[in-house]
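**Q** The following feature annotations were taken from TrEMBL:
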- 38-505: domain 'Amino acid permease/ SLC12A' (DOMAIN)
- 41-63: transmembrane segment (TRANSMEM)
- 69-87: transmembrane segment (TRANSMEM)
- 121-142: transmembrane segment (TRANSMEM)
- 148-170: transmembrane segment (TRANSMEM)
- 182-200: transmembrane segment (TRANSMEM)
- 271-290: transmembrane segment (TRANSMEM)
- 368-386: transmembrane segment (TRANSMEM)
- 398-421: transmembrane segment (TRANSMEM)
- 442-466: transmembrane segment (TRANSMEM)
- 478-495: transmembrane segment (TRANSMEM)
Amino acid sequence: MKSEHEGSVESGSGPELLDGLVSLDKDSQLQRGLKSRHIQFLALGGAIGTGLFVGSGGILALVGPLPLWLGYLSQMFVVWCVMNAIAEMTTYLPMRGITLPYFTNRYVDSSLAFAAGWNYWYAYAILVAAEASAGAILLDYWDTPVHAAVWITIILIVCLALNIIAVEVFGEAEFWFASIKLITILGLIITGIVIMAGGAPNREAIGFGTWNDPGAIKPYVATGSWGNFLAYWTAFVRAGFSFITSPELIGLAAGETVAPRRNIPKAARRFLYRLAIFYGVSSLILGCLVRSDHPRLLSPESNANASPWVIGIQEAGIGGLNHVINAAILTSAWSAGNAFLYSGSRILYSLAATGQAPHIFTRTTRRGVPYAAVLGTWSLGLLAYLNVSENGATVFTWFMNISTISGFIAWIVVLITYLRFRSALKFQGLLDTLPFKTIGQPYLSWFVLVLISLLTLTNGFQVFAIKAADGGFDYKNFLAAYITIPAFLLLYVGHKIVYRTPLAKPLADIDVVTGKKEMDEWCEGDVKPVPKNWLQRVWFWIA
C-alpha cells in the first residue's frame, strides 16, 4: 500500500521520473560527472568558512581555548553521525534528482518534508546575510573610510550578479574559491605550529602559554565546575555554525556522482579524517595563538574587525602575512555567500515547482536561471544592514544563532527520516539489502537525535541568566536563539491541519522498494579501478 504521492512513476516524452522529482532513466544515470574527490571537496568547502575563520574568535573570547577545542571535537562527532545516516540512505537509492526533503516525504510524512524544505531555504537565506556581515567585519580591518553599509551593498550586489547575470562563471569561481579556502587553512595550520615552536620573527616559543595565562577555560554564566561545563556546552552549540549544511552536500551530490555506491561511502569515511585535520588541529592551534581576552576578538563589548587568525599572525610579528590571510578569508566569506544564495534559490525554486511555494518563484530567464527565486532568497540577505545600527559582532552572532538552530533542526529531521527508513527496512525484511552500513546503528542515531534536540532547546539558555545591557530581559538574543523553532512548528502544524496528513506513515506503507531494482542494475556495471603502481595506490587512497 502506498501513500497518495508515493511511488508514482511518470512517463511520457521526457525521462522516466519517480514522484515527478527523481530520475530512473538509464540514460540520465550515465550523465553523472562527480567523482569521489569532487564530492569530498564540495563538503569540505562547505564546512571550511566563516565559522572557522571568524566565528571561532567569538567562541574563544567567550569561553576560552579548551572549550573551543572540545566544542569543535564534539560537533565533529555529531556531523559524522549525521553524515553516516545520509550516506546510508543515499547509497540505497542514489537516484538523480534526490533531495533530503524527498526522502523525508517518502519515509516519514509530507508535512515534515514541507517544513524541512522551507527550513533549508530559511537557513541558506540567513547565511547569505551572515556572510555579508562577516565580509563587512573583515573589510573594516583595513580601517578604510568607507561605511560598512557600502561594503555590504557591494558584497550583496556581486553575489546577486554572479547568480543571475554571470551564472556560467559561478561553478568555476566556486572551485577556485574553495581551493583558496583549503590552501589557506593548511597554510594557517603550518604557520601556527611554526609560531608555537618559536619560528616567528619575535622568536618567542609560545606553546600552550595562553592556556595558563589568561587560562584554558573562562567559566560561563556560573562559577566552578558548573561554569566550566556551561562554557563547554556553549562552545558545543556555537561550533555548530561551522558545520551546518555541510553533511547534506554529500547527500545532494549523490544523484550526480559516478559509482555512488562506491564513492559516497568512501567520501563519508574520509570526511571525518579531513574534519579532524582542519577543525580538530586548527581549533587547538588557534587557542594557543591568541589570548582569549584579546580586545580585537569578536564580542558584544568590542569593535572587532579581524579574524582571530589574522590577530595571531599580527601578534607574532610576521609582516604582511596578516593582510594576505585577511584577504583570503574575505574571499571565503564572499564565496560562501555566493554558494548559499545559489543553494537557497534552487531550494525555493524546487518548492515552487512542487506547489509548496508561490508559483512566481518558478520564473526563469531564457538561460534557465530562476531569477525570481534568486531575488527572493537574496532579499532576506538584506538583513545584513542591521550592522549599520548595531555592533557588527553582535549582528554576526545573531545570524550565527539563527542559522545554527535551522541547521540543527535540519539534522533532527534527517535523523528522524533515517530511523523511519531503517525501521521500514527491518519491518519489511529488507535490512540486509543495505549496500552501506555504518557502525552503532540505530542506537547512535537515537543518541545524536536526543543530543541535537538538547542543543537546540538550550542554545539560548544564557538569556535567562544574563540581563541585557539596560538591565532588562535580553529579548534580541532570545529571538535570535529561539525564533526558528516556532517558525518550523508553524509550517509543520499548518501543513498538517490543511492537508490532514497522519502523524507518520505506517511502516508497512513506507515505500523502500520503488527505484531499488533500477539502481541495483545500474550500479552492477561499476568496476572498481585497480591501481597500477604505488603512486596510483596513494592517489586512490587520498581521493
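Backbone N, Cα and C atoms are what each Cβ position is placed from, and that goes for glycine too.
Help me picture these features in the structure, burial and contacts included.
**A** Within its own chain, the transmembrane segment (121-142) has Cβ neighbours under 8 Å at 49-50, 54, 148, 151-152, 155-156, 159, 244-245, 298, 304-307, 310, 323, 326, 329-330, 333-334, 336-337, 340-341, 343-344, 347-348, 351, 377-378, 380-384, 386-387, 392-393, 395-396, 399-400, 402-403, 406-407, 410, 484, 487, counting only residues six or more beyond its boundaries.
With a cut-off of 8 Å between Cβ atoms, the residues of this chain six or more beyond the transmembrane segment (182-200) that come close are 41, 44-45, 48, 52, 206-208, 277-278, 281-282, 285-286, 288-289, 309, 312-313, 316-318, 321, 325, 328-329, 332.
Long-range contacts of the transmembrane segment (398-421) within the same chain, counting only residues at least 6 positions beyond its ends with a Cβ under 8 Å from a Cβ of the stretch, are 51, 55, 58, 78, 81-82, 85-86, 88-89, 92, 100, 103-104, 107-108, 112, 115-116, 119-120, 122-123, 126-127, 129-130, 133, 237-238, 240-241, 243-245, 247-248, 383, 386, 442, 445-446, 448-449, 452-453, 455-456, 459-460, 476-477, 480-485, 488, 504-505, 507, 510, 512.
A Cβ distance under 8 Å defines the sequence-distant neighbours of the transmembrane segment (442-466), meaning residues of its chain 6+ beyond its ends; these are 78, 81-82, 84-85, 220-222, 230, 233-234, 236-237, 240, 401, 404-405, 408-409, 411-412, 415-416, 418-419, 422-423, 473-474, 477-478, 480-482, 485.
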**Q** For the domain 'Amino acid permease/ SLC12A' (38-505), what is the mean per-residue pLDDT, to the nearest integer?
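**A** A mean pLDDT of 84 is what the predicted model shows over the domain 'Amino acid permease/ SLC12A' (38-505).
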